[in-house]
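Read the structure below first, then the notes.
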């Protein structure tokens, strides 16, 4: 049996003609929000466009959607997915007098209050916080972080139902409208703000393909979002962003109801001790892999490339290790939203992911997934797992899946084949969703269905093979494994074949 250590001792990091299978998500900002730049980003490796709804107007986000679709007209290439990242429930400070930034020395004592009369008149003596229940949930001795942890305060006393007495633990400046984190404290904020609800309705109206749901704490939060998306948004995939201790604690229940997960390490690294983040990342990714749910690794992956043309060695290792952990997607934030080198950042991420994929011990990984998956599995999963096993034995170059909904494609991706998964579908939305799953290369078949089912199967299969040749996945004489159904529609994938191109 192949071992992980044995695989690594023989590691060949020459990628040759291999194609990257990890998807790349890029946040679009003013510097990249035009069709021409989006085309270049896609050529560099971008698969999913992210809109950050913490910033920008509806007019701006509409322009991102329009430009993303225009880029596909200019450069058809592979289908491009569009994701809406919600602002989510959050806690913020009030407005300082004249918007002045007040210096705070260490051991400075002051008041945090939820009294609305201070909302627009904060200073270095009294700071308004917009979370009304903060005095009910926090305890003496707890730490409060302001501005992503730039300032830390210890709670000295819960004075009354509106007032906390706090002491600064370090020097800094207290400013208007900064984020507030309460590490180790369970908060009872609503799953969605009114802004979030409006944003989701905007996303449904504009046909976004996925929602990155911020600050998910319970499974109920996902169900609330699904309710807001409604019938018109029933096909939108919900990706739960795990950003706090509550989300980690309730992860198993969240995983059951979400379509996928994002390990959002920014706020997570504030809410839990930073040294624990890498371990939590590995645990969450492993659970997603076993469940067959897509998982995204995000935040500061190539942060230095916001202003520098080359990444740090630690950043390259971070991207590579996220791929080795089992992430389906890796994400760029400021690097592509406001950075000086957005295209280079995507290229760097693509090149790093490609090399990292050569380091994955595919057979041991497959064995782990098969052994740990509860039996019996549904027919479609049994076929998917068998297809991946067949690629190892037959030395196949690709798995071609004729798919309607994309679910069988998801299951094939779960078992981490060492070859591309070529998805042929008539469903353009399913083709875009599948970028959430590692290794999937989608092609939309636009021809009407043939009268004879077998003729239609062969036509779609030939289409997938020809497109794969164009992309460099297949050549004449290559062996492929195919999955198809015995009838049209969803849920009939039960036939596996081994063919020669």
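Going from the start of the chain as shown, residues are counted 1 onward.
Cβ coordinates are placed from backbone N, Cα and C, and glycine is handled just like the others.
According to Swiss-Prot, the protein carries these features:
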BINDING   50, 266, 267, 299  substrate binding site
BINDING   52, 53, 54, 55, 92, 178  ATP binding site
BINDING   52, 54, 85, 86  K(+) binding site
BINDING   243, 267  Mg(2+) binding site
SITE      241  site 'Transition state stabilizer'
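Here the features listed in Swiss-Prot are placed on the structure.
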residue	record	contacts (Cβ under 8 Å, 6+ apart)
50	substrate binding site	25, 26, 27, 28, 83, 85, 212, 331
52	ATP binding site	27, 85, 333, 337
54	ATP binding site	85, 87
55	ATP binding site	none
92	ATP binding site	129, 130, 177, 178, 179, 180
241	site 'Transition state stabilizer'	85, 88, 212, 213, 214, 215, 216, 247, 261, 262, 264
266	substrate binding site	148, 243, 298, 299, 300
267	substrate binding site	181, 215, 243, 244
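Taken residue by residue with DSSP, residue 266 (substrate binding site) is part of a helix. DSSP assigns residue 52 (ATP binding site) to a strand. Local packing around the binding-site residues 86, 299 was summarised as the count of other Cβ atoms within 10 Å of each Cβ; on this measure the leading residue is 86. Under 8 Å, Cβ to Cβ, and six or more positions away along its own chain, residue 53 (ATP binding site) finds 61, 84, 85, 86, 87, 195, 196, 199. Largest CA to CA distance in the substrate binding set (50, 266, 267, 299): 18 Å, whole number.
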